[in-house]
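Listed features, source TrEMBL:
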{"type": "ACT_SITE", "residues": "ASP416", "note": "active site, 4-aspartylphosphate intermediate"}
{"type": "BINDING", "residues": "ASP416, THR418, ASP822, ASP826", "note": "Mg(2+) binding site"}
{"type": "BINDING", "residues": "ASP416, LYS417, THR418, GLU539, PHE581, LYS605, ARG634, THR714, GLY715, ASP716, ARG796, LYS802, ASN825, ASP826", "note": "ATP binding site"}
{"type": "COMPBIAS", "residues": "465-478", "note": "compositional bias 'Polar residues'"}
{"type": "COMPBIAS", "residues": "515-525", "note": "compositional bias 'Acidic residues'"}
{"type": "DOMAIN", "residues": "124-182", "note": "domain 'P-type ATPase N-terminal'"}
{"type": "DOMAIN", "residues": "848-1076", "note": "domain 'P-type ATPase C-terminal'"}
{"type": "REGION", "residues": "453-485", "note": "region 'Disordered'"}
{"type": "REGION", "residues": "508-527", "note": "region 'Disordered'"}
{"type": "TRANSMEM", "residues": "179-198", "note": "transmembrane segment"}
{"type": "TRANSMEM", "residues": "331-351", "note": "transmembrane segment"}
{"type": "TRANSMEM", "residues": "357-376", "note": "transmembrane segment"}
{"type": "TRANSMEM", "residues": "883-905", "note": "transmembrane segment"}
{"type": "TRANSMEM", "residues": "911-931", "note": "transmembrane segment"}
{"type": "TRANSMEM", "residues": "961-981", "note": "transmembrane segment"}
{"type": "TRANSMEM", "residues": "987-1008", "note": "transmembrane segment"}
{"type": "TRANSMEM", "residues": "1015-1035", "note": "transmembrane segment"}
{"type": "TRANSMEM", "residues": "1041-1067", "note": "transmembrane segment"}
Amino acid sequence: MADQIPLCPVRGAAAAANRRRAAYYSVAGPGPGAERPGRYQLEDESAHLDEMPLMMSEEGFENDESDYHTLPRARITRRKRGLEWLVCGGWKLLCTSCCDWLIHICQRKRELKARTVWLGHPEKCEEKHPRNSIKNQKYNVFTFIPGVLYEQFKFFLNLYFLVVSCSQFVPALKIGYLYTYWAPLGFVLAVTIMREAIDEFRRFQRDKEVNSQLYSKLTIRGKVQVKSSDIQVGDLIIVEKNQRIPSDMVFLRTSEKAGSCFIRTDQLDGETDWKPKVAVSCTQRLPALGDLFSISAYVYAQKPQLDIHSFEGTFTRVGLLDLELNQLTKALFGALVALSVVMVTLQGFAGPWYRNLFRFLLLLSYIIPISLRVNLDMGKAAYGWMIMKDENIPGTVVRTSTIPEELGRLVYLLTDKTGTLTQNEMVFKRLHLGTVSYGADTMDEIQSHLRNPYSQMQPPAGGQAASTTPPRKAQSTAPKVRKSVSSRVHEAVKAIALCHNVTPVYEPRAGAPTEAEDAEADQDFSDGNRTYQAASPDEVALVQWTESVGLTLVSRDLASMQLRSPSGQLLTFSVLQTFPFTSESKRMGIIVRDESTAEITFYMKGADVAMASIVQYNDWLEEECGNMAREGLRTLVVAKRALTEEQYQDFESRYSQAKLSIHDRALKVAAVVESLEREMELLCLTGVEDQLQADVRPTLEMLRNAGIKIWMLTGDKLETATCIAKSSHLVSRTQDIHIFRPVTNRGEAHLELNAFRRKHDCALVISGDSLEVCLKFYEHELVELACQCPAVVCCRCSPTQKAHIVKLLQQHTGRRTCAIGDGGNDVSMIQMADCGIGIEGKEGRQAALAADFSIAQFKHVGRLLMVHGRSSYKRSAALGQFVMHRGLIISTMQAVFSSVFYFASVPLYQGFLMVGYATLYTMFPVFSLVLDQDVKPEMAMLYPELYKDLTKGRSLSFKTFLVWVLVSVYQGGILMYGALLLFESEFVHVVAISFTALILTELLMVALTVRTWHWLMVVAEVLSLGCYVASLAFLNEYFDVAFITSATFVWKVSAVTAVSCLPLYALKHLKRKLAPPSYSKLSS
């Protein structure tokens, strides 16, 4: 960012802290910095490409442009006009357009403009900026109650019961006590409001923790501590080592003399490597920090742009199970209306039939159970508690208590790479010299080879070389002789120790002065307090390995570096030129002069594809690179070339001249460098492993066996992403990998998609730029082809692209998606997915705070999905269906009762009987189904194929719903007709027999549904039955006490209950014998 913002000094320099974004930085030394890449721009192709068929040969694309057929989605249909257009959907379009216009007017944002920010003077800002605070809350004090009520009553179920309850205030429609309707509704709303209040308070606490982080603010009077949320645009902030940068900033000054520091952009692109940044030169040269106030300067910044800081996301999540139950509720409402109309019709529409119709709607309203929502919400809270109490996945936190059952229906898992699948900790694994290879168990041989050359060298006086006169000829002109293994090892290790951009950093001693000059003079160069910083973790791993074998990098600046040999000598080298690594060149180089011998050597290392044509002919490099890649190692080829003084002076003059060129500077500079990259001596091939998170491979295999397709979305390089996909077994060893070639226009995308379509059963690797081009022209085709792949790897993805990919999968497949990541750059993807999982790791807590679930390690995903996700979905499905059954059975009894007594709109049960039936008498046994399990957790982990059945949604479908409807109609009819058949004299006996049999039937049905008994289930059954028996003594208003204490009552109730339950048990037992479910074989 600092490179793009002009610094406009009136007498010096300026700084600014922009408003907080969702993304954070991390800094290795004081001072922030960031770069903002521009958005990828696409050029429009010619018009004939709009009618190009995707399945067309390359020859046809090049030669035969006249035979193109229009794609089906590109055909233009006849446009409807007039009234026909209005009736056939035009009214909907008009309403949508009007609503969009009103929303645009209400939510219209002010135009973003460039701004001028004065150094250290926030009060001089021309416009008001928002606070530098993070806010993840859904509501505030004024919107909490209205917002929660809206979220509840937008569901048809709750809205329906609100209307029913309000109707009881109309005397002509009143059919019972007010509390029989308002008490259940009030209880449901109270539970919901309490749950939302707890979730909202937790979000408030998490936001407060982040916004209260303290930072040092530089003022005219000195340093003051300010909260992160109190930082204003224009403030001068001092960022300490290893402290996260709280906002967009311009890097003005650092305690390091050269003005450089290392920052980490893990919250932007997920990469935890340290990137060097340089401060603004005019402010770095100021003698002291206080001088920043003595100059008058400002930053003129361009207006905010869409970049990798922005992300898409939603706060409110509604699970698929809730939507499915909402649809079933509408179906029940249709049945309710139909049954009420039938009743009124059989009455012959006598009298005020419309009033009778509404009374029947009220009498049969228990078809739609009001307790459904509260049971499901309480069940979800129970599932969340079980997840957080699971000792096998410690540290797991459920942050959204509304969608735990979503974990049981996932089809696509989109994961980040760095910090999620890998630890981003590189470990040196292999050194290959062509004829000999060294691994982790033979590193001691390298140490012994290194001791010989350096033990024969005598340290010069004073530890420094006295000679500065270069030799006339380099060693490269000497006759070639076969080198010994020791000399080859020595040259390879020396090249690795010199060819890099690593800087050793030393912590100051305890009690040492903190000022830069004093600290630098008093540094402790011991091994114990040395750390390495570099732009790539690979380079750090290489330098750490050379230290482990005896050749240690002890110091480095822009002009020189020092190595310490195994014998303790300090070897000084002058850095003459450095050629940094770029994604285009895929290599880096350095020219150094050995101060003891004045030898000049050009070292280079890079990817094998780039170095193969540079090094001298050999017959082993390609084969060994392939072998290491199959092991999941990241390979680097190391080579060198000795230069004479004349050769270097000639190169330096040409290089300097090329850098001063006005036209084609980059091409000329590259051409001069390439003049050195010829016939270089191949020294070695290195293999570095990016350590995977614990148990990543078995976890990915488990997810694949469960039918979950895994996509890896990363901001890392293509080569690195491909390597991790292999090492983590995201792509199996037997599968081919199709690397999507870079495309920039529609024609190239068309040809590459055709080439990809011809491949079968291969993993896809595609870059973010190519993905954007393909999605612009062939969105449907690309997603269709990618969904057929066993695995997909998207590299160089921005956070916005990650969220876009998730959205495309949801739209094109209709399947449930889960996103998992650990950095701020993953927040957009996590919040766009149906289920978001965050990992608390090295990249901070942003992903974990924004996710629905946060875990400590990637391996916990397996148990979270296979055990808790599967159980939550199956339990919620069973609970929802049983609550519906409880309402359907009593509504059926009411319908039978009314039809027998001349279709009278009179309630069968009144007052406390209805309230007790929905709460005290049946609630606990029904809710205890949240403890049921079909198989043990160990079995669910061992056989992940059980999870695959859930993705089809068969546990809660219209088929299972109809089965429960038929069961409810059968049992309701038996209970009512049985009671009418068996009662003798008084009508109150019908109520006693039918209601008691109803309670017993519900308790028995719960017992028949349970697959694994829990002691709390037994307690719930006994407690509910005991409560009902005890309450009979107080229900004189509804029951004849003398009758219910007689033996006649007992046998009649037993007979009716047995007829309603025994046939269903027999059918269930027969079905399990003839067509047992998949889990029954394991549980047996």
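Placed from the backbone N, Cα and C atoms, the Cβ positions cover glycine too.
In this structure, the recorded positions under consideration are ASP416, ASP822, ASP826, and the one with the smallest number of other Cβ atoms within 10 Å of its Cβ is ASP416. PHE581 (ATP binding site) sits 20 Å from THR418 (Mg(2+) binding site), taking the C-alpha atoms as the reference points. ARG634 (ATP binding site) has THR418 as its nearest neighbour among the recorded positions ASP416, THR418, ASP822, ASP826, going by CA to CA distance. In terms of C-beta pairs under 8 Å, the stretch of 883-905, 911-931, 961-981, 987-1008 lying closest in packing to the transmembrane segment (179-198) is 911-931.
Its Cβ taken as reference, THR418 (Mg(2+) binding site) is surrounded by 30 other Cβ atoms within 10 Å in the chains shown. Separating the Cα atoms of ARG796 (ATP binding site) and ASP822 (Mg(2+) binding site) is a whole-number distance of 17 Å. Listed by sequence, the residues of this chain that lie at least six past the ends of the transmembrane segment (911-931) yet keep a Cβ under 8 A from its Cβ atoms are 176-177, 179-180, 183-184, 366, 369-371, 375, 378-379, 382-383, 875, 878-879, 882-883, 886, 890, 991, 995, 998-999, 1002-1003, 1006, 1009-1010, 1014, 1016-1017, 1020-1021, 1023-1024, 1027-1028, 1031, 1035, 1037-1038. Figure note: comparing Cβ neighbours within 10 Å for the binding-site residues ARG634, ARG796, the maximum is reached by ARG634. On the 0 to 100 pLDDT scale, the domain 'P-type ATPase N-terminal' (124-182) averages 79 in this prediction. On a Cα basis, GLY715 (ATP binding site) lies 9 Å away from THR418 (Mg(2+) binding site). Cα of ASN825 (ATP binding site) to Cα of ASP416 (active site, 4-aspartylphosphate intermediate): a distance of 9 Å. Across the residues the record lists as binding ATP (ASP416, LYS417, THR418, GLU539, PHE581, LYS605, ARG634, THR714, GLY715, ASP716, ARG796, LYS802, ASN825, ASP826), the two Cα atoms farthest apart are 32 Å from each other. Of all the binding-site residues listed here (PHE581, GLY715, ASN825), it is PHE581 whose C-beta has the fewest other C-beta atoms within 10 angstroms. When each of 357-376, 1015-1035, 1041-1067 is checked for Cβ pairs under 8 Å to the transmembrane segment (883-905), 357-376 comes out on top.
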